[in-house]
C-alpha cells in the first residue's frame, strides 16, 4: 500500500489531525501534518491503541436509514409524493483466532482435496484414453484377420468353384462389397467417438488445472498482503459504510431505471428485475469484500496519492522572523532536514527556535527553493503616508551642537551666550545629559545642543551630531587635542556636518592657539587661512572674548548651508533626551525638524505613543506650539521613549497604538532571533569557560542618556574572570520592585541622581542590600572597579627567603639523611617549602621537615649560622648541594 500523509489518514478515519498526531506521539512516533505514514507505522499505532483501549469489538452493528421520495400517479392526472424510509441493520462479526485457524485449516484441506481430485481426474482421463486406444487396436487387428481369412476363402472358392455360374459370382461380390462398406462405416463412427472422448478428457483436465491455479493465486494474494489486514480495525467500518452507500445508490438507480423503462417499454419488466437483482448481488459482493473476504483483491482500497519521485521547488514566503518548524512546513519537508541543513551551514537550532530572515533565506535557497521576502511594515508605512505636510519651505534656525573634551568649557561657553549659570546645576560641573536651548541674537535665532565630554557618553554625542546642522568643536588653548576631541571629530565626519572650532580659554597665560591648529590639522580640520574649510574663533567663556565672532561664524556657516524647513503641516522631529518625572510621568525633550508641533497632537515616538498634554520650553514655560529647530519638553506619552527615536505626528491614536505595539513585537522577535547562536565553532569555547564571577547591578538614573552611558561604561569593565551584569535598568526613582529584583539576584542597587522611596527602603533594610547613590559618573565607575577587583583571584608569587649550603651529611634513624648546612643568605624557616639545587639545577622540591641547631629544635636560623636540615621524604642529599627556602605570598590584583 502506498504511503499516505497524516492529513489524508485523519480524513479517512474521520478524526482530527491534532488527535492523530498526539496518538502517534503516544506511540513513540513524531509526526507533523504533512509527514507520510508507512504501513509499519500504522501497525505500530494500531498495536498501541489496542494495548491502551483494548482490542476492537467482536461485533459491530451498523444502522442506516435512507430516505427517498416516490411519485405515485393519482386520479385526474395528478401525482402525489410519498416519503419512503428504508431502515437497514447490518452486523459484522469478527472471527476469533481459534475460528480463524480452523477456517484456515479447512481451506488448506479443501485446496489439497481439489488438487488431489485434479490429479485423479487427469490420471483417469489418461487411463481411459489408453484403454480405448488399445481396444480399437485389437478390434482393427481382428478385422484385418477376418478380412484376410475372407479373402483367402474367396480365392479358394474362386479357384475351386470356377465352374459356378456368373450370377453366383456377381451375388457374392455384391455381398462382400456391402459387408466392407458396413465395416468401414462402423470403423469411422468408432474413431469419431474416440476423438470426442479424448477432447472432453483434455478439456476437463485443463479446467481442473486452471481452477487449482486460480485458487492457489488467490490464497497467495490473501496471505501476502499484510496491509489489508494490518489496518482492518481502522478501516472496516468506513469500507462497510461505503459499500452500503454504493448498494443503496445501485438499488435507487435500479428503481429509477425500472420506473423509466416501465413507462417507456412495459414489455421489459423481466430485464429490469434481472438488472436490479444483478446490482444487488454486486453490492452484496462489495459488502462481503468490505468485511475482509479473503478472495477479494485490495486494489479498490489502495490510496490514490503517490509520493513525488523528485523534489518540488516551492516559493517560500519569509517574514522578518520565523521558527525552524514553520520554515520546514513552508518547504513541505521534515524539521530534521532543515536542522541538518543549518548544521551544514554552521548553525545549530532547535525546531522551535526563532531565526532571522537572512538565515532562513540561506537555508531555503540551500535546499533549492525560491525565497520571497515579505515586508511587514505596511501598516507603519500607511500611517506615515497619511500625514498633512506643507509644500512651501522657509528658512529655519541652525541647530548647533557644542562638542569637545571634558572640562574644556563647553557648558560655560553656552552659559555665557545664554547669560545664565547652568554649570552650577550640573554635579561636579560636568554635563550629565544633553541640554537643548535656543537663543535669540541680533542676527537671528540659534538652537544649541550641549553634549557631555566624558568618555562614557559616546552614544549621546553621536545622537547630538546626527541631529545637528553645525558642530562647534571647543578646544582648550592650554590643553590641546584630547581623546574626546578626536571622538567628536569622528562623529562630525560620520554625520557629514561642518565644524566651527572655538579655541577656548584664550585668556590663560599658557594658551597656545597655534598648537591647537597644528594638532587639529592632523585629523583633517584645517583653518581657512591654511586653505581649509573650518573657521577658527578664539574665545574666552570666562571673560566673554570673541563670543560675538563665534555667533557670526555660526550664522555665516548657516547661510552657506541654506537651511530650510516646512513650517506648516504635521510635525516630525527627534527625541534628544527622555526621563521619568515622578509628578508628570514620562517626559521627552524633542527637537522639531519640520512642521509645527501643537498641544493636543497625537504623536508616535518609537515604541511609545500618546497625545501631547503639555509642552514646555527649556526655561520651563508653557508653550502651545513649536516650529522647526525649536526644542521642547512634551508630556503625555505612554512610556519613556529611547533617546534618538523619531517623533511623528499622526492622525489616529488607534493607528498609532497599533504601530507602537507592532514595533515592540518586532523588536522583541528580532532581538530574540539575533541572540548569540550556539555555533559549532564556539561550542567548545562555551563549554571550557571556567568559574566566572559576576557583579550584578540594578541601575536607576534620572534620564535615559545617563542610563545608556553608565551601562556601556560598566559593561566595558568586564574581564574574562569578572563580568558586570546589568540585571535591570530604567529611568526614575528606586522602587520596591527594583529592591526585590536586587534581593533575588544578589545585585548592587545603584542610583544616579535618584533616590529610593519609602517602600523600597524597607525592603533594602530587611534584605540588607547594598544601596549606593552617585551624582558623578567618575565615582560610580571607580567604586564598581574596586568591587570587581575584590572578586579577582589573588596572584600567587614565590619569594626566596633563605639559602643554605650542604657541608656534610649525617644519618638519623628518625629522619633519614640530615644535611649539615651553613646559611649563606637570608633566613631558613621551619615547615616552609624548599628546593634542593645541584649545580644550580632543581632536583627536588618538597618541605623542610626538621631544623636543628646543635641538638635543639629551632624555628629559624639566620645568615652565617650552622644548622641541621631534614628534608621530608628525600634522602639523596649530597655535600655541595644548595637548599633554597621560599614562601608563597598572595598579591591582590586590581582592574586597570
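Using N, Cα and C of the backbone, Cβ positions are placed for all residues, glycine too.
Of the candidate ranges 419-423, 424-428, 429-433, Swiss-Prot annotates residues 429-433 with the feature region 'G2'. Given the ranges 446-449, 450-453, 454-457, 458-461, the record in Swiss-Prot names 450-453 as region 'G3'. Taking the binding-site residues 404, 407, 410, 506 in turn, the residue surrounded by the fewest other Cβ atoms inside 10 Å of its Cβ turns out to be 407. In the three-state DSSP classification, residue 410 (GTP binding site) falls within a helix.
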